[in-house]
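Enquirer: Quick paste from TrEMBL:
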- 1-22: signal peptide (SIGNAL)
- 605-632: transmembrane segment (TRANSMEM)
- 606-869: domain 'G-protein coupled receptors family 3 profile' (DOMAIN)
- 644-664: transmembrane segment (TRANSMEM)
- 676-697: transmembrane segment (TRANSMEM)
- 717-737: transmembrane segment (TRANSMEM)
- 762-783: transmembrane segment (TRANSMEM)
- 795-817: transmembrane segment (TRANSMEM)
- 823-847: transmembrane segment (TRANSMEM)
Amino acid sequence: MAFVWQYRRAALLCFMLLALRSEPDTSSPGGVRTAAGKKTDVWPRKRVARVDGDVILGALFPVHSRSDVHTCGPIIEQEGIQPLEMLLFTLDKINQNSTFLPNITIGARILDSCDSDAYALGQAVEFIKGAMTDAGDSEYVCVDGSSPVVKERHPIVGVIGGASSVVSIQVANLLRLFKLPQVSYWSTSPDLSNKDRFDYFFRTVASDVYQARAMVEILKAFNWTYISAVYEDSNYGIKGISAVEDLARASGICIAVSLMVSREAGDTREEEFNKILQELLDKPKAKAVIVYLVERDAKSFFAAVSRFNASGKFIWIGSDGWGGRQIPVAKQEWAVEGAITVQPRARVISKFDEYFTSLKPDTNVRNPWFKEAWESHFECRIPGTADTPFNDFATTCSDDMVLDETSGYQQNSLLQLVAESALAFAHALKDMHADYCGDEPGLCSNMTLISGERLKDYLLNVSFEGHDRQEFHFQPNGDGPPRYTIMNFQRDQNDRYSWKRVGYLDEEIFKLEMKEIHFRRQPAGYQGNGYQGYPVSMCSAPCPPGHEKKISARDSCCWSCNPCSEFQYLSKEDFCTECPLGQKPDKGKTTCVSIPEDYLTYSSAYAIAITTFAIFGIICTLVVAAIFMKYGETPVVKASGRELCYVLLVGIFCSHAITFVLVAKPTTLTCGMTKVSVGVCYALCYAALLTKTNRIYRIFHNKGKKKQKYISPNSQLFITFMFVLVEVVVVVAWLIVSPPGTTYFYPSRDQNQLVCKGANDASYTIGLAYPFLLMILCTVYAIKTRNVPGGFNEAKLIGFTMYTTCVIWLAFVPIYFVSASNVAIRVTALSVSIGLSGTVTLVCLFAPRVYIILFHPEENTRHGVMRNTFRSKIENGAFSVAADPPSTYQPCGTKPSATISENIDIQVDVISKNNQQLKLPDTSPPAETRA
């Protein structure tokens, strides 16, 4: 099976080599010409940096940038040469430690990716060949030109790189077929976290998902809600900006415009960036711009910013593809000033500065690209070096040139990630050696052929202390720990530019030092101690309280603010909702609050007036009751029907006392008392009056000779209470069908009246219907008995009482229903109507008797009661009465000459005398007086 697998891998490799060699060669067989027209060697040159060892690691670095014309562009110092030298530096440290991997050294085969996915894939084939044979074609050394001599076989066990995500994705797809582990140091695409596709891929940097989160946290910290985005047409740019946009929208941040930069624009590149800048300028309110580009594209982009003189019009939020580096900002610092970028957190390694600045072109023989890098850095030519399309310099390099800060050297801040990639392989090999070889130094027989599948498992479980003194370990999906540094490109007082650390993201912890951030030196209004001095990036200002947001149909990030109406609140940010009845919005119109309950209180003017009237009525009623009780045995009181008078006084008292129930705050108890008392009080009054008028009517309209029944005091009381019982039954049934309670009544939108159930409609007429019927019957009997003798003119007083009561209630009904919107007027109208009815009854029926009792006691005798009353004749067994002349009728409230002609007991006695003529004393005045 092993032979079959090796055969299949060899066949696949041959097919890939044929495919790559069948592609058109982008380099000229005859060489290329420099800017001066001088012919150079074949470009790009395939070179390899070698470090011998017992275990070999492959490595891919973007030593040269990508070029649309030459495949490989100019050499890159910070992103290409420095990472390469960091790997060599780290391997030296590992191999110098004799106790780390006893008698085992780690070597490397380092190739140039030119930051091109297609070119890097061709270079990666060399690693596959190295894993299957010696180490590719470059491992063969010809002695005499006829037959090669093969060096000792040291297969490649893993690969470090690439730098960009597009390169890593292509290389990972190839390496996984041959089960070769790969550890990248800068590739951040979220796609690489997919272990189903990239099961042999690891990286010491976190996914762009975390970088996107850090960018959005920056936007939120400055309240930038309207932004633009520029990104490159690659997996790195597309996936990265997609993560940013998703998190931004989830945080309420709008994207004004999202612009993509083509990777292969060719000669139209400058024109493309000009177009992008113009589109950004067309959205001037979106001052914050996400720039998700790699170093090469970022440099071209900021060159366009300089051409358009757009510096200061935007705030750049940069990705790790260019942030914190010098090349993209070199010679155009003023266009980048104030930029805030996110990059993986790494520590500057001071010992590497000592190592790198000590390198010289003539002594650094293991790096075949170092001389070219030296020429590019100092813009000079080293004698004897080959020509390239980019080293046409007129100056010759001198021996006294030194790489240091004065000459422009600055360490790439992310070199720690390169070192950790090498350390991860070293610790995995150390753990594997401990398990497979124990204490045996060197490569034992079990590690002669290192399985990539087993090495992958050891990589996933490594744990060591990195250069930043923090523990490093891979996450379960092979990603590095999510640790980022926030950088700000600032200009100091001496007009020198530099990247300053202003915050960080450590897994779930985000911190930004707001006071340390500078956008442009001494900008207008900048205070450095709050949000007010920072640039504003929003399309529309937040709507003030109580205004709904109407989003523009053309741009969802812009809106207009419309005020909510008086009784609307903001249920959502962009929608006004009507408050329910009885509620109104609070001051901020964020929610609805209840309108204060409106009901009559004892402190109001209306309540004071009607309660004063009620108290006066109650006092008068009690005084009359006391007088009647004191003089209860006198003829005037007895002739009035003493027992029914007491019932009537109770009803009058209740008519005034009910005012205090009506004024009280509506509750279930007070509402129930109102339902009962209003009807029962009237029933007591009118039942007693009806009984009185009915008795008088039956006495004076008796055509027969039989004695009248049911006119005794007890009978009258029984009849009265039977009348009242009917009302009680009605009220009880009403309470059962419609239990008492409170409710809210809304006569207008801004009123919230607390009332008893049924008080705002015609429901209360149920309890008053029966008393109204009694009142009508009383009025009818009063009319029928209007011509009785003067001594019995109580019927006329009752009639006057009924007439007055009808007038009162006819006035009350429209007032009650019209005043539905005003609780105070409504309660006052009801209370006054009930109280006036009782007062009229008290004045008309009791005032004349009280007047006689108190001021004319001489008339409070049987003779006084009988005087000037009537003449009666009993003819043929019938009792007939001749009515007094109309002039004897005296209105209610005037002084009567003789109010009652005879006590009812006298009438009973008269009627009981069968056919005997009763001759009453003639108390009428002389004829001449009458005349």
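Note: Cβ is positioned from N, Cα and C throughout, glycine not excepted.
Because TrEMBL annotations are produced automatically, they should be read as predictions rather than curated entries.
Since the structure is predicted, the reported quantities are computational estimates derived from the model, not experimental observations.
Walk me through where these features lie, including what they touch and how far apart they are.
Expert: Within the chain carrying the transmembrane segment (605-632), a Cβ under 8 angstroms from the stretch's Cβ atoms is held by residues 638, 642, 645-646, 649, 652-653, 655-657, 659-660, 663, 824-825, 827-828, 831-832, 835, 838-839, 842, 846, 849-850, 853-854, 860, all 6 or more beyond its ends.
Same-chain neighbours of the transmembrane segment (644-664): 600-602, 607, 610-611, 613-615, 617-618, 621-622, 624-625, 628, 637, 670, 673-674, 677-678, 680-685, 687-689, 691-692, 713, 716-717, 720, 827, 830-831, 834-835, 837-839, 841-842, 845-846, counting only residues six or more beyond its ends whose CB sits under 8 Å from a CB of the stretch.
For the transmembrane segment (762-783), the residues of the chain that approach it from at least six positions outside its boundaries are 675-676, 678-679, 682-683, 685-687, 689-690, 693-694, 696-697, 723, 726-727, 730-731, 734, 738, 795-796, 798-803, 805-806, 809, 817, judged by C-beta separation under 8 angstroms.
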Enquirer: Is the transmembrane segment (823-847) packed against any residues at least 6 beyond its ends, judged by a Cβ distance under 8 Å, and which are they?
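Expert: Same-chain residues near the transmembrane segment (823-847) but 6 or more away: 598-600, 604, 606-607, 609-610, 613-614, 617, 620-621, 624, 628, 645, 648-649, 651-653, 655-656, 658-659, 662-663, 678, 681-682, 685, 689, 753, 755, 759, 794, 797-798, 800-801, 804-805, 808-809, 811-812, 815-816, 892-893.
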